[in-house]
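Listed in TrEMBL:
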- 1-27: region 'Disordered' (REGION)
- 39-63: transmembrane segment (TRANSMEM)
- 75-98: transmembrane segment (TRANSMEM)
- 104-121: transmembrane segment (TRANSMEM)
- 157-176: transmembrane segment (TRANSMEM)
- 188-206: transmembrane segment (TRANSMEM)
- 253-274: transmembrane segment (TRANSMEM)
- 320-341: transmembrane segment (TRANSMEM)
- 347-366: transmembrane segment (TRANSMEM)
- 386-406: transmembrane segment (TRANSMEM)
Amino acid sequence: MGGCEGSRWRLPNSEREETTSEPQAPLLDRQSAHWKNAVGFWLLGLCNNFSYVVMLSAAHDILRHERASGNQSHAVLLADILPTLLIKLLAPLGLHLLPYSPRVLLSGVCSAGSFVLVAFSHSVSISLCGVVLASISSGLGEVTFLSLTAFYPRAVISWWSSGTGGAGLLGALSYLGLTQAGLSPQHTLLSMLGIPALLLASYFLLLTSPESQDPGGEDEADTGARQPLIGTETSELKPGSSWNLSLQERWTVFKGLLCYIIPLVLVYFAEYFINQGLFELLFFRNTSLSHAQQYRWYQMLYQAGVFTSRSSLRCCRIRFIWVLALLQCLNLAFLLADVLLTFLPSIYMVFLIILYEGLLGGAAYVNTFHNIALETNDQHREFAMAAACISDTLGISLSGVLALPLHDFLCSLP
C-alpha cells in the first residue's frame, strides 16, 4: 500500500514533462534571444567599422600607385572623416525620417560600393569617392545601431563596442595578410564583399524583434544608484519614440549629455593627435625593426588595446570619463615631449604607452555609452545615443586639423 499510496501523487511521465517544460520554454527563448542579440550586435559592430578600417590602407596603396602627393594623402583622411562628421551632426535633427531597415540597407550598399570603387579605381578622385562611401557607411551605421541599442538589454552595448574594436584588429590583419599572401589590392578588396552581406544578414536575420525586449538588464543596485540625466517619466518604448521630442526637449537632453560628450571628445582628440601626428615621428634606430615595421607595430598595439578595453565592460565599469580624458592628454604630452627631446631609451617603452593609449580610448567609448544608457530614461534614450555619437568623430576631426600641420612642421625641423 505504501508504494501505491506514494504513486498516487506522481504524475505520468508525459504530464511531468509537459509541466516542467512550460516554465523552461520561456527561459530557453530568452536565452536564445540573448545570444542572438549578443552575436548580432558584435557582428554589426565588426562589419560596420570593417570597411572604414580597410579603406584607409587600400586607398593609400592606390594613391601610392598614382604617385600621390602629401596633400592628396591628407585628402584621404578628410574624405574618411568629414562625411561621418556631417552625418552625426545632422542625425539628431532629421535621421529619424528614415526608418531603421532602410538605413541599414543603405549602410550595407555604401560599404559594398566602397570596396568595388576602390578595387577598380584608376584615379585618385575615384579612390576618394570609395573612401567617402566607406565613411558614409560607417557613420550612418554607428548612429543607427547605437540608437537601436535603446530597445534591447543594455548588455548589447558591450557586444557592439567589442565588435567595433575587433574591426580594427581584423580589418588591418586581413588586408595585410591577404596582400602578403600574394593577392593584389584589387582582389583583396573584392574578397571582402562578404562583409556588407554579413552586416545585412546580422540585422535582418539574427536580431530578434525590438518590441519583445526589456531594455533593462542591469542589477537593481546599479541602476538605482544612478540619477537620470533628464526626466523620470516613462512611456511605451518603441523605435522612433524619442523623435517625438520637441526641439527644446532635445536641447535639454543634449545639455545633460555634455558631461560625457566633452570628455570623450578630449579622449579622441588626444588619441588621434598621437596616431596622426606622432606615430611616424617616434622612430628608434637602435632596433632591428624598420621605420615602416615600427609604425605597423604601433598601429597593431593600439588596435589591440582598443579591442581589449571595448570588450571589458563586464569586468570593469568606469563612471568618471573625465579621468580617462586627463590620462589620455597626459599620454599626448609625454609622447610629444619625447618627439622633441628623444629621451625614451627603448621602443618597448613606447609599445607599452601605445597599448595603454588604446586601452584608455576603448574604455572611454564603451563606458560613455553604457553610462548614457543607464542615466537616460526610456523616452530619451534613443535620441541620447544618437546625439552622443558625435563625440569620437568630433575629437578625431579636431585632432586632424592640428596634428597634420604639426606633423609637417616637426618633419621640417633639422
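Numbers run from 1 along the shown chain.
Each residue, glycine too, has its Cβ placed from N, Cα and C.
Only residues 6 or more beyond the boundaries of the transmembrane segment (188-206), in the same chain, are considered here, and those with a CB under 8 A from a CB of the stretch are 36-37, 39-40, 43-44, 47-48, 50-51, 54, 58, 101, 104-105, 107-109, 111-112, 115-116, 118-119, 137, 141, 174-175, 178-179.
Put simply, of 75-98, 104-121, 253-274, the stretch with the most CB pairs closer than 8 A to the transmembrane segment (386-406) is 253-274. Within the chain, the transmembrane segment (253-274) has long-range Cβ neighbours (under 8 A, six or more residues past its boundaries) at 92, 229-230, 245, 321-322, 324-325, 328-329, 331-332, 335, 354, 357, 360-361, 364-365, 368, 371-372, 376, 380, 383-384, 387-388, 390-396, 398-400, 402-403. Taking Cβ pairs closer than 8 Å, the transmembrane segment (320-341) reaches residues 260, 262-264, 266-267, 270-271, 273-274, 278, 281-282, 350, 353, 356-357, 360-361, 363-364, 367-368, 371, 410 in its own chain, all 6 or more past its ends.
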